[in-house]
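Below: the structure, in structure tokens.
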């Protein structure tokens, strides 16, 4: 008998394995007292106890095999609202099935922010019994087709109940399906079980579930007189309690039962280059199932974020940067536009550089010395290529003579004390090169940025570069500065967990030099344990960039911001091109701006809500110009203690306790 049972279980597993991911509940062992004793915990017993009492915790098996004594250790009190121990029991019955169904018709229940148990009892009928039940139903409707007196006196009044005729036809179709054994029929009893120690809170939960079920076209009732029977009928193995059991077929059953679970993400960072058991990037809220967000899929953490302006992109980028600091020896390099990352950077002790802008705090303006590092052959080769780019940007056609002259001068400067651009110009022999580089020396408009004797950039673990002013300076000034910054960042990538955040990436996707650099980063930075996060509000620029296929393939994680125009012609095609289906586009279109985000990875997809509190929003969501001006003033006045005063200004009078400040 045991052999037959095990074979039957194995066959069921094999049948389900084709479409479902199932795992057998087992008894596991755990060593105690340094290995002197072994404790046994049974998952099946734990699940059955959860069904009965609503308490989900490990159940340790006793040494004596009297396991049933550990299942029901709570008292059940009958009534309109039954009680198990000190917790009230609520039952929501699903009835009034709609005329048609589709897969996952009740998946919206997954979004409810509460704990419940959904029981779907189905009592199978064999083919002959199902045909008999359906035949009785057919005869009942057949009798209603013609009026009673027409049937009694065998007359034809031409009065026909067309609804009854339709039901007869549908019943005959059901009989044909049962006879062909394409589907099986049975009695279906769905109920949702809730527990709560507060009666009013339980009633509110039950009413919320009832409203959601009714919104999907079903009927639903909160059980009262039938509550105890419905609860008992929901327990595993109980087939006789609860008389509410409509007859449906297995095709409808497959649509109604919850076959899919909500993707909760990995509790640990999936990247093998991170320390073992590193936590996920963040845990956020969404319905009753927490969501653990990770940028990485295996060892690739490149992420594409896109959505319209004003939908919460800057807040998301700031939160990603803040959460990334949880990893040991992490490095964060962010290219910001609009100073949205200023509050977080200063609060975290990072460096915030406003490149090309006026220094708001009266300090010496930032200036670079790109030729300061010429120690290795690779450094000198890069310097020569960088000088060549500057000359080409001024409209000079580069010839071999130009390259030889520039390379020769870079080599000479490697052993010289002066390494500014002015030193290079004074030493190079060709007049065309001198004239082209004049624009970038102290005598030209860009000398303030690129012609320093000593580099003012000291890169630490958290660096933010505000490039809004730089972006307005034109291509000839923008390209050299960003190319140099990219070079400095690349040299710091030593295998530590790193992330490069590019806000308003459409500005860079529109330039061939940066397109090539982004393409290169997406292909090679994975080996340096660095993730690239590209955020853009211009979907059309991303599509016209020429590397949309590279973005799609190299960025396995895509985070979409709410976009009410996602279903409109033109925008829809972009979402479809990067692999989104009709349902996903609908989710993006209906999501709440500045609150909900839709993440898609090869491992799953999820609409989530970051549910940020007021303290977090004070640093990742304070991007208004008035807020930024106050923060700059507070930082200038109080230095490292400015966050306390900032929070106090926003109504947190006990802010000092958050920072352990007396």
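Yeah, the Cβs are placed from backbone N, Cα and C, and that goes for glycine too.
Note that the structure is a prediction, hence the values are computed from the model and not measured.
As given in Swiss-Prot:
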BINDING   307, 308, 309, 310, 311, 312, 313, 314  ATP binding site
Greatest C-beta neighbour count within 10 angstroms, which of the binding-site residues 307, 308, 310, 312:
307
Beyond the listed site residues 307, 308, 309, 310, 311, 312, 313, 314, identify every same-chain residue whose Cβ lies within 8 Å of the center of their Cβ atoms for the ATP site.
537, 561, 593, 594
What are the non-local neighbours of residue 314 (ATP binding site), defined as same-chain residues 6+ apart in sequence with CB under 8 A from its CB?
338, 340, 341, 503, 623
Surrounding CB atoms that lie within 10 Å of the CB of residue 313 (ATP binding site), all protein chains:
23
Within 10 Å of the Cβ of residue 309 (ATP binding site), how many other Cβ atoms can you find? Include all protein chains, please.
10
Assigned conformation of residue 311 (ATP binding site) - DSSP reduced to three states:
coil
Under 8 Å by Cβ from residue 311 (ATP binding site), same chain, sequence gap 6 or more:
561, 562, 563, 593, 594
